[in-house]
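Notes for the one structure printed next.
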Amino acid sequence: MSESMAAPATTRRPRFNSAQVGTTARDWLALLKPRVISLVVFTGAAGMAMAPGHINPFVAVVSIFCICLASGAAGAINMWYDRDIDAIMQRTITRPIPAGRIPADEALAYGIGLSTLSVCLMWIATNALAAGILAFSIFFYSVIYTMWLKRSTPQNIVIGGAAGAFPPMIGWAAATGHMAVMPVVMFGIVFFWTPPHFWSLSLYACKDYGRAGIPMLPVVRGERHTRWQIFIYTLVLLAVSLIPSFMHLSGWLYTATALVLGLGFVACAVRVLLEPQDDRGTSQKGDKAARISFRFSLAYLFFLFCGLLADHMLRLWMN
Ligand code: HEM
Ligand SMILES: CC(C)=CCC/C(C)=C/CC/C(C)=C/COP(=O)(O)OP(=O)(O)O
């Protein structure tokens, strides 16, 4: 399959509004990709908690709420734009727009409205830097990743992953009004975590992406190549995760956490690499190793940032 692919034709539906189809609150919530938000918000809160000085608790809660709103709003714009391919893929066919429970134009208005609200509220509650990075993250995910990269290159999530890596920087900026090395390192960790996170899933969602014409790595370069890329990126991630230790930004507790989790992730990647497969690299075990690697990726990021926070608190307490 070529790297530059035409977007699939948009599904045509009769015009209707959400009152006519009995849209529920659950549908509006689903548009925000709430489970993804939970981890995005946690990384943003971690960036804020790592920052020096004291942040007013009310401002902290409002800032975290803004990251939550922004991430959800970007997810809604993503679902609006991707409604044609979401209607083709098994994994996404029951989403509110392809299932006909929310009209596409209402989803777009919702996404734009929440985006505007989140950025304005962040600016009022904190500062221009935090609001600016928040606005840029929404733009990066909904326009650069969703509308451009996702349908045009198998490197889509490597570059697009930057969108999801900004929240620790947003949290830090909200607390301090400026940037520093630590939030940039946290950005780097999430950035290099994204490829093994997503490519693990893409190995078992490969047929769906192929059918929808999306040039994800296993569709374009094959599953064997993707297995190697997952392995290489987990090694790079292990190295990047140790930067806080080498730069004396964190202590032994974080170093031990990063080593244990990092080696665990590398072990998952080795299992993905060595899983019994046919000549094309397709698993003969129902993609068990890739499913484990995807689940481990979520636990990895959560516990790594827990380790960073625990280490930070321990050092504050010791001093
Ligand atoms: C461009 C970057 C990313 C891509 C392409 C990506 C892709 C995906 C996909 C396709 C899923 C499956 C969703 C489903 O089952 O419908 C998923 C799940 C998930 N992602 Fe990512 N992801 C990215 C970045 C992130 C980031 C930055 C975070 C958080 C820091 C994150 C957190 C999660 C979580 C928590 C889930 C599990 C959701 C669930 O249990 O349903 N992802 N991701
Ligand atoms: C503050 C802020 C704006 C943060 C943004 C956070 C962010 C970029 C999250 C990305 C999460 C995600 C599920 C991407 C998948 O999109 P996809 O379209 O490839 O996946 P899909 O096929 O499941 O829709």
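Here the Cβ of each residue, glycine as well, is placed from N, Cα and C on the backbone.
Just so you know, TrEMBL annotations never went through curation; they're auto-generated.
Going by TrEMBL, these are the annotated features:
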| type | residues | note |
| --- | --- | --- |
| TRANSMEM | 36-55 | transmembrane segment |
| TRANSMEM | 61-81 | transmembrane segment |
| TRANSMEM | 107-125 | transmembrane segment |
| TRANSMEM | 131-149 | transmembrane segment |
| TRANSMEM | 156-175 | transmembrane segment |
| TRANSMEM | 181-206 | transmembrane segment |
| TRANSMEM | 227-246 | transmembrane segment |
| TRANSMEM | 252-274 | transmembrane segment |
| TRANSMEM | 294-314 | transmembrane segment |
Range from 36-55, 61-81, 131-149, 227-246, 294-314 with the greatest count of C-beta pairs under 8 A to the transmembrane segment (107-125): 61-81
Residue numbers, six or more beyond the limits of the transmembrane segment (61-81), whose CB comes under 8 Å of its CB atoms: 31-34, 36-37, 40-41, 44-45, 48, 55, 95-97, 104, 107-108, 110-115, 117-119, 121-122, 125-126, 130, 134, 137-138, 141-142, 145-147, 163, 167, 170-171, 174-175
Distal contacts, the transmembrane segment (131-149) - CB-CB under 8 A, six or more residues away: 66-67, 70-71, 73-74, 77-78, 81-82, 111, 115, 118-120, 122-123, 155-157, 159-160, 162-164, 166-167, 169-170, 173
Non-local residues, at least 6 beyond the ends, that sit with Cβ under 8 Å of the transmembrane segment (36-55): 63-64, 67-68, 71-72, 75, 164, 167-172, 174-176, 182-183, 186, 190, 298, 301-302, 305, 308-309, 312
